[in-house]
Amino acid sequence: LQANSRELNSTFGYPNNTIKTSRYSVFNFLPLNLFEQFQRLANAYFLILLFLQLIPQISPLAWYTTVIPLMVVLSITAVKDAIDDVKRHQNDNHVNNRSVLVVMNGRIKEDKWMNIQVGDIIKLKNNQPVTADVLLLSSSEPYGLTYIETAELDGETNLKVKQSISVTSNLEDNLGLLSSFDGKVRCESPNNKLDKFTGILTFKGKNYTLDHDKLLLRGCIIRNTDWCYGLVIYTGPDTKLMQNCGKSTFKRTHMDHLLNVLVLWIFLFLGGMCFILAIGHGIWENKKGYYFQDFLPWEEFVSSSVVSAILTFWSYFIILNTMVPISLYVSVEIIRLGNSFYINWDRKMYYAPKNTPAQARTTTLNEELGQVKYVFSDKTGTLTQNIMIFNKCSINGIIYGYGYDKNGQRVEVSEVKKVDFSYNKLADPKFSFYDNTLVEAMKKGDHWVHLFFLSLSLCHTVMSEEKVEGKLVYQAQSPDEGALVTAARNFGFVFRSRTSETIMVVEMGETKVYQLLAILDFSAVRKRMSVIVRTPEDRVMLFCKGADTILCQLLHPSCRSLRDVTMEHLDDFAFEGLRTLMVAYREVDNAFYQAWSKKHSEACLSLENREDKISDVYREMEKDLMLLGATAIEDKLQDGVPETITTLNKAKIKIWVLTGDKQETAVNIAYACNIFEEEMDGIFIVEGKNDETVRQELRLARKKMKPESLLESDPVNTYLNTKPQMPFRIPEEVPNGNYGLIINGYSLAYALEGNLELELLRTVCMCKGVICCRMTPLQKAQVVELMKRYKEVVTLAIGDGANDVSMIKAAHIGIGITGQEGMQAMLNSDYAISQFCYLQRLLLVHGRWSYNRMCKFLSYFFYKNFAFTLMHFWYAFFSGFSAQTVYDTWFITFYNLVYTSLPVLSLSLFDQDVNETWSLRFPELYDPGQHNLYFNKKEFVKCLVRGIYSSFVLFFIPMRTIHNSVHSDGKEISDYQSFSLLVQTALLCVVTVQIALDTTYWTLISHIFTWGSLGFYFCILFLLYSDGLCLMFPNVFQFLGVARNTLNLPQMWLIIILSVVLCILPVIGYRFLKPLFWPADVDKIMNRIHLWTRHPLLPPTQTKLRHTRPRRSSYAFSHKQGFGALITSGKTMKDKVFKKNSFSFKK
């Protein structure tokens, strides 16, 4: 591409900057939506049925009886899908129509985001989101530096620094130079790697290498930079943000897939019945019908009993179509929509500080929320708030940070007033601390306390900004550093400003300037950083902070007793899940420093083994340190995260953390969140650098968890050795204890390869908790896909940043956290919540209720339709297999549409087996959904058997009891119309009583819908069979006076009651005996709930457990190597700062 050359760039066919998260357009909505809907076998089945009904020779029912319901079903689903997609279009339009400043012909022009093209030069201002992926050209900061926040990409709110190359930073904001800039860029093709970019800029005949540090990604926000200019490299779908969004897929639940299989079964069962009835018809026509043609003449197109049988097959195929009622799918959509509204309306999932309710962004996955087995969670911004708080510290063997009452007894900090920092005019008003003894020590001039906070105010890479006098804003590269410097600031050691050579600190109101001699930068191996400064008293001091495991080895022998005390304090801090650092210092002889400085310069200029030589020089300086103390920082979790994870674990939901953070940090959070527990039997670390090492580590872990899983005789190994055809499922394996596993992204890359993926999956699935760290967004999605491919489980992914989008889209259910970290995760999610703690309510209450309701609905729906349809089968044996219906046509029309629709909807929308309190108190109730116990193929067969039995009873009991029966006046009552009325009334009474038995939570609406529907049947019965209608439309209403004449007979009511009793008695018996003789775990819990409901117990007193687990320490987790070198180079300083500071120093 070439800058400022739209004509040239257009020849390469780059996309414009429009983004699209919607699935449909005006033109493709109808075909694409219909294609998705006809993937449901039932819809395809009814389409075939419609074509059959258009053939008059075989259709006993009019074509519109299928067309109208099919159109209604397709329309309702299409409207729902359209509404969902319109919301996506609105979100897209909002983003695409944002305004941006573009450099055009020496002028600044305002344009919309969607009109930006590759090669344009755009101007971005402070706090403005980046429009596209742009190459940074120049900025208002010196040396072309620009500060950005990448919260929407990775959930991290700490600032990051980008720097333009020197040849373009000289362009500054000169519009003439920017407009004439004609540099050419050759770079890699679009990809989803957020931290990788390579390219070459050719300008004025010279080539300049480009890397990730010179690229501003779409989704970033400009911070603390007045303005910057950038050359657009990637636009719209090519941007790394959109590349990580993945492709929008149509998610379908396990229940949808099961229904497809069951519809196929029903179709085969239906075909079998039609085949039997067609053979019966052929035999009957051959033996009787052939000789009866004077009374029942054959149609002209019927030449033999075989032809008649073939036609009858299709006639019965149409009559028995209610085996798969089309209203099933309409009802399913209505139920899902209703349960989605419950999620949207739940005030207990409303987050007041952000004014954001929970949101069901899709309405098709509700029951799947009740079946989740694995939760894949991001860490930063999802489990944590990414806010670091200075919580406690240990200084010279004295611990500070606990709250004390008037008697000096230690109490909870919530019972103590916050420390008043009003004496310090430069204090941060947001900072909170609860131990006054530390402030008193500061005021008394305690030497060690002063030295401790002086160390914190000097040993860091934080940048300071003071636009208003006394109002300091710190730009920390990691939240940990920001918390430590802010703590020092509040306690009286205020870091005010810095240059490349000096640091200004206000010490207890007195301004002092320290000469910055060197920064011994942080690295992942060193796990520490140091600064060497010259004090105003001309003393050379080294201040060091780092992981205690490292610093303990560098201390002077005289610190042994203080080290032991401090280590005890560190244990206390770690028990509370705090992130710890040790702080030490060393006074350096001036001559020693001069010699060391020479060695340091030589090492930095070395061309061979530079890193190793620098490390050796650092080690010479960082020894014989004097211990000052330790800090304890709280990586603030979101509210209720540990409790939520404990509850989900009780529900046998396994939590995996997939994060881009380093291992140490992720493990700390895992312990703090209760994903890992001290009581675990072991935690395995997989960190192999090649596939063979990774394999050995995984097999060693599996050997400890389940030794027999490595034997050839193991059932899973035996199954895998048969090399089953894909797709196949790996069964669950039960370990001999509770285990955790940690794996890094590098090792995971090997483990996800084809020959190791099953080894990985079998190992991790036996673990209670899994931490995957240093992962790329693509690896997150690959882990989820691996689980979906080989396990028959429901997966849920939850995250808050753009780096979580691919994972969210890959999982069966994707949940986006709405909040300060941007909107990408939410926009691509199925459900949106504001806090992780709402997940337990979403799953254990809404998910479980939705699953239970859907299962009850399907069981009842299939049962009532089997009982309804199979009566035609029995009747065929008594009607010469003539494809005559046993019911009145109006009853067939209204049965699913009117008479039985409202009761089953009330059951599916309002039923609760237990209320929300018990659902959360007993997470074990969630277990049946994970194993799909309430509706599966076995339960379906039970419905079929019950339907066959009920239809048998409902047909033969009335038939045999009214056979040869007469009125009191001697007239027969066993005519077709009376029998039809009797059968349909008995059927409706049976299915009404059945749904009353299924209902466990009665409301006024339930009563009205259930009993009201039965009452409505009798009302409409007398209307349809009234003299007026039958005389006006004799061809449409043919049952003249049947209701009046039949329902006034006592024996008819006795027959109905007998039929109901015989149909319902086995159901009541089974439900009574099953919990007594074959109780499931859920039955035992329900018994306890019923017992406690009758005899309430006092709530258990909650005791706070003190965990005893090994100490874990971690350094600033977002800190990157090389920031110290950037500071000492002077590139971060503006000219005006130099002038201002030099003036103040002289003064």
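Glycine too: its Cβ is placed from the backbone N, Cα and C atoms.
According to TrEMBL:
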type	residues	note
DOMAIN	2-67	domain 'P-type ATPase N-terminal'
TRANSMEM	38-55	transmembrane segment
TRANSMEM	61-79	transmembrane segment
TRANSMEM	258-284	transmembrane segment
TRANSMEM	304-330	transmembrane segment
ACT_SITE	D378	active site, 4-aspartylphosphate intermediate
BINDING	D378, K379, T380, E481, F522, K545, R579, T659, G660, D661, R774, K780, N803, D804	ATP binding site
BINDING	D378, T380, D800, D804	Mg(2+) binding site
DOMAIN	828-1079	domain 'P-type ATPase C-terminal'
TRANSMEM	857-878	transmembrane segment
TRANSMEM	890-910	transmembrane segment
TRANSMEM	940-959	transmembrane segment
TRANSMEM	979-997	transmembrane segment
TRANSMEM	1004-1025	transmembrane segment
TRANSMEM	1052-1073	transmembrane segment
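In this structure the alpha carbons, written CA, of D800 (Mg(2+) binding site) and T380 (ATP binding site) are 8 Å apart. Of all the Cβ atoms in the protein chains shown, 33 others lie within 10 Å of the Cβ of D800 (Mg(2+) binding site).
Within its own chain, the transmembrane segment (890-910) is flanked in space by residues 65, 69, 322, 325, 327, 331, 334-335, 338-339, 853-854, 856-857, 860-861, 864-865, 868, 980, 984, 988, 991-992, 995, 998-999, 1001, 1003, 1005-1006, 1009-1010, 1012-1013, 1016-1017, 1020, 1024, 1037, which lie at least six positions past its ends and keep a Cβ under 8 Å from the stretch. Most buried of the binding-site residues R579, R774, judged by other Cβ atoms within 10 Å, is R579.
For the domain 'P-type ATPase N-terminal' (2-67), the number of residues in each DSSP class (helix H, G, I; strand E, B; coil) is 31 helix, 1 strand, 34 coil. Of the listed recorded positions D378, D804, the Cβ environment within 10 Å is emptiest of other Cβ atoms at D378.
The stretch in closest packing with the transmembrane segment (38-55), judged by the count of Cβ pairs under 8 Å and taken from 258-284, 304-330, 940-959, 1004-1025, 1052-1073, is 304-330.
In this structure the alpha carbons, written CA, of F522 (ATP binding site) and the residue listed as 'active site, 4-aspartylphosphate intermediate' are 26 Å apart. Each of 258-284, 304-330, 940-959, 1004-1025 was scored by its Cβ pairs under 8 Å to the transmembrane segment (1052-1073), and the highest score goes to 940-959. Burial estimate for the binding-site residues (T380, N803): highest at N803, by number of other CB atoms within 10 Å.
There are 25 other CB atoms within 10 A of the CB of G660 (ATP binding site), with all protein chains counted. Each residue contributes its Cα atom, and for D378 (active site, 4-aspartylphosphate intermediate) and G660 (ATP binding site) these two points are 8 Å apart. On a Cα basis, D804 (Mg(2+) binding site) lies 11 Å away from T380 (ATP binding site). Confidence annotation: the domain 'P-type ATPase N-terminal' (2-67) carries a mean pLDDT of 79 in the model.
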